[in-house]
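According to Swiss-Prot, the feature compositional bias 'Polar residues' maps to 917-939. Residues annotated as ubiquitin cross-link in Swiss-Prot: K647, K1103. The feature phosphoserine is assigned by Swiss-Prot to S527, S532, S799, S1049. Residues annotated as phosphothreonine in Swiss-Prot: T1047. Taken from Swiss-Prot, the feature region 'Interaction with SEC13' covers 161-471, and the record attributes it to similarity to another entry. Annotated region 'Interaction with PDCD6' per Swiss-Prot: 800-999, in sequence order, evidence recorded as similarity to another entry. The region 'Disordered' annotation in Swiss-Prot covers 859-980. If you look up Swiss-Prot, you'll see 4-47 marked as repeat 'WD 1'. Under the heading repeat 'WD 2', Swiss-Prot lists 68-111. Annotated repeat 'WD 3' per Swiss-Prot: 120-160, in sequence order. Here Swiss-Prot flags 166-206 as repeat 'WD 4'. What Swiss-Prot records for 209-254 is repeat 'WD 5'. For 258-298, the entry in Swiss-Prot reads repeat 'WD 6'. Under the heading repeat 'WD 7', Swiss-Prot lists 301-342. The annotation repeat 'WD 8' is assigned in Swiss-Prot to 397-430. The motif 'ALG-2-binding site motif-2 (ABS-2),' feature in Swiss-Prot is assigned to 842-848.
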Amino acid sequence: MKLKEVDRTAMQAWSPAQNHPIYLATGTSAQQLDATFSTNASLEIFELDLSDPSLDMKSCATFSSSHRYHKLIWGPYKMDSKGDVSGVLIAGGENGNIILYDPSKIIAGDKEVVIAQNDKHTGPVRALDVNIFQTNLVASGANESEIYIWDLNNFATPMTPGAKTQPPEDISCIAWNRQVQHILASASPSGRATVWDLRKNEPIIKVSDHSNRMHCSGLAWHPDVATQMVLASEDDRLPVIQMWDLRFASSPLRVLENHARGILAIAWSMADPELLLSCGKDAKILCSNPNTGEVLYELPTNTQWCFDIQWCPRNPAVLSAASFDGRISVYSIMGGSTDGLRQKQVDKLSSSFGNLDPFGTGQPLPPLQIPQQTAQHSIVLPLKKPPKWIRRPVGASFSFGGKLVTFENVRMPSHQGAEQQQQQHHVFISQVVTEKEFLSRSDQLQQAVQSQGFISYCQKKIDASQTEFEKNVWSFLKVNFEDDSRGKYLELLGYRKEDLGKKIALALNKVDGANVALKDSDQVAQSDGEESPAAEEQLLGEHIKEEKEESEFLPSSGGTFNISVSGDIDGLITQALLTGNFESAVDLCLHDNRMADAIILAIAGGQELLARTQKKYFAKSQSKITRLITAVVMKNWKEIVESCDLKNWREALAAVLTYAKPDEFSALCDLLGTRLENEGDSLLQTQACLCYICAGNVEKLVACWTKAQDGSHPLSLQDLIEKVVILRKAVQLTQAMDTSTVGVLLAAKMSQYANLLAAQGSIAAALAFLPDNTNQPNIMQLRDRLCRAQGEPVAGHESPKIPYEEQQLPKGRPGPVAGHHQMPRVQTQQYYPHGENPPPPGFIMHGNVNPNAAGQLPTSPGHMHTQVPPYPQPQRPQNGWNDPPALNRVPKKKKMPENFMPPVPITSPIMNPLGDPQSQMLQQQPSAPVPLSSQSSFPQPHLPGGQHFHGIQQPLGQTGMPPSFSKPNIEGAPGAPIGNTFQHVQSLPTKKITKKPIPDEHLILKTTFEDLIQRCLSSATDPQTKRKLDDASKRLEFLYDKLREQTLSPTITSGLHNIARSIETRNYSEGLTMHTHIVSTSNFSETSAFMPVLKVVLTQANKLGV
């Protein structure tokens, strides 16, 4: 699309890439005249302002010159990275002079803008170029084969690259090499190009076209490959661009024939080596890919020829073209619309003729508005492929599972004269781990669950606890896996039975501290864990003494006592007891406040009386522990849990642990935990977790922990999940409860935990921790993603079906079985379609013996004669990598009907039967000999394509020869009678020849090439073509061997993969182009064994259209 234009008949030069803003210098051309036939000359500098929508370029400065110019370049001499200095303008004049201008002075309007000039050349200077490595070096070319190298630091004395070429001729083009700073190339209209080495001061190679019709109008070096260059021809009879490689200078590497008439100028983009501009006498400006010859873009131009074309160094999408109609146009290869250009033409027309009626009526002229109304939008398409500078050099994207996918387009470093730089497209998949401690703790938890080592895991957590509360929680969790869990809970609450016994004993003053210590079995135990005999005797004596002291307080059984029946309380109690009225006796005792007597009598009166008495007692008693005693006696623990002061939550929990029944234990602990959780005190809220642990209530533990702890950090969530997992395992082991069903809150936490694990790359662990029995959409979606990330089938989804149906190969038809001493039939002059002549009797086919196939198929008895037809071959056999070459000794016959059965040849008395294809597939697995069979199977006349036949060696049966002998695979010649003889041939030890497998990334090459050959063979009718394809199939083994050994360079393997992709898309022309590229850019000795035959295969495939 056109961006700007300047109405000048001039040579052009862009400002260097370091300069900003972008300038375009123009110098009056010495080859053309403008429409005014003016003889004045000038230098002008225009600014490129792409923000301005108009087509006009702003003129910054004009310098009137006395010279007209054949060539103009703008070099970056003495410029820094900031572009403060504008470099130097170098102009080639028509009188052999070279003038150096200061652009900054021209822009500033100074009069003295010439830095230096020299007229050493003879004739006009048509060729100029600046060395990109040493910007002070400028090469120039003129008539009489004159080439000078100018040093801008010492402009007075130039040097020559060597002796002048003979015969003398004009120098039309000159260019410095883009990779090697001392290499220079020049070209002349005669079609000859010369490459100079400034270090040797002589030409090193000359390139010319053999047709002698190549009139060089353009020369350009490859931006990346030091040995490649292009030459353009101005001759209308040969309007081509030739791409040469100096390593193969006998003929052009590639010829671009996109122009219809001679080419006037070319320019190779430094930003993208796949963009080559060319303009010719056919009034076309084409942007082509020199590597493929494809035209990527055609600029919309007028019918005028362009004599100069250049890329903008700073903006790689912009180019300029100078045409013979006196206009310099600036274009963009990124496409756009030409509506602005059309509108400008309409505006010019209107301004020239006016838009009012010339007769003064003041009415607008309708015809001038009609083109504007009927005009359609014209869109110019951009390049067919994205240019290199807009391709992302690097990129990154996060994916599920903590994967970081990054790519980078790495250009391999080039060397002098080395291969073409290859753009290596690398994609890296990295695992990003940000929470290493989180993963470590998660791994420890998984190991504890898998090994069932919960006690040791809890102990480690206790030892590592930094707070007392954390230590208590893990201690409570540990108790779940130990014996006497309730007793251990009491100990954790501070109620140790041994310590309580000591306190009670001291309170009763029965024994001193020393005796208490003796009564404690733990204290008197010896170091080996057993009690000493002395300790046992002492304890026994103490027990007898206590019983004796207690018996002294009982009333004496001897003597008499008085039974009073008076009218006082005692007498009434006595009368009630004598009559068996326990209820009245108890009432009298309660009335007299004799509580102990009432309880004793109530016990004798039965449970019902005792219960009523206890209630009356508790109603009258007002001590501090009455409610506790009431709960103990009445077993009303819910009252204690609901009514106790929460400061005594430990005591309430201890009472529940001591007395509660298993069926009510969990509910009471939950009730106490709920009271603590609902209390405003944060300390009590955290203690509720201990109650929920005792109850085994995972859901409430999660809810309570979430309220009390900060769950935003991954380690905080890890703390919770560790407790939840251990508690669930404890409930599962101790209470035999189903823990698979989870609540909403727990499922959310487990899902969050699984997400964190997946984000750290632990997909399997995340899948293991994810709840199973839940229908929550987010969890089901996460499970689906985890299964897919791990490559496992997703529950509820069918596996993708195989797009083809597996077919079982048919079993071989049964062969004839000969009886004992049965003589074979003699058949003469037999032939077999597609078969081979068997060798004469006694000839051992070593190539058909597979040492690993022993014992795979049954064999015939030793005294039976078996008749076996030769192995049928639908086509020339394709040898496997470990098979010897097949020998075709019989000329091919016409194809027989499918139902044609070949006659059975005469064979030796002992013959190896051929097994069915399924048995042949098992020949790589050694096994024990199979028992003898009286039948053998023959294969069907056809086997699937690509399956190779391997000879089979079998052990003999009991009726055959001894085990130390082996049967040779012997076939008789057709028609030759064979006697009833045996040949005992001892098998020689053979060593299996093995090759490395082809790497998986290159296996597609073998599959693609072999499949292409098979398709060609099935379509080819010419015997000569089939022989070529057969030979190609064998010689491609050299390629496969190199792939196995991985001795090919990355450039070659990458090119082979490109060829394989072109074969898959049936684009054989592209494959041949890539083949030429590989051959021209690689070492010949590395590819000579297989690349010629690969070209044969591609050519035949293209010819056959398979």
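From the backbone N, Cα and C atoms, a Cβ is placed for every residue, glycine too.
The sparsest Cβ neighbourhood within 10 Å, among the listed recorded sites (K647, K1103), is found at K647.
Calculated from their C-alpha atoms, the gap between K647 (ubiquitin cross-link) and K1103 (ubiquitin cross-link) amounts to 97 Å.
For the modified residues given as T1047, S1049, the lowest number of other CB atoms within 10 Å of the residue's CB is seen at T1047. Mean pLDDT for the region 'Interaction with SEC13' (161-471) in this predicted model: 83. Residues 10-20, 23, 25-31, 41, 43, 45, 60-61, 117-130, 135-136, 138, 140, 142, 150, 152, 155 of the same chain lie 6+ residues outside the repeat 'WD 2' (68-111) yet bring a C-beta within less than 8 angstroms of a C-beta in it. Sequence-distant neighbours of the repeat 'WD 3' (120-160) (same chain, 6+ residues past either end, Cβ-Cβ under 8 Å): 30, 70-73, 75-79, 88, 90, 92-98, 100, 166, 168-176, 178, 181, 184, 186, 188, 196, 198, 201. Helix, strand and coil residue tallies for the repeat 'WD 7' (301-342), in that order: 4 helix, 20 strand, 18 coil [DSSP]. In this structure, the C-alpha atom of K1103 (ubiquitin cross-link) lies 30 angstrom from that of S1049 (phosphoserine).
The DSSP secondary structure for S1049 (phosphoserine) is coil. In the three-state DSSP classification, K1103 (ubiquitin cross-link) falls within a helix.
Secondary structure of the repeat 'WD 2' (68-111) per DSSP (helix as H, G, I; strand as E, B; remaining residues coil): 6 helix, 17 strand, 21 coil.
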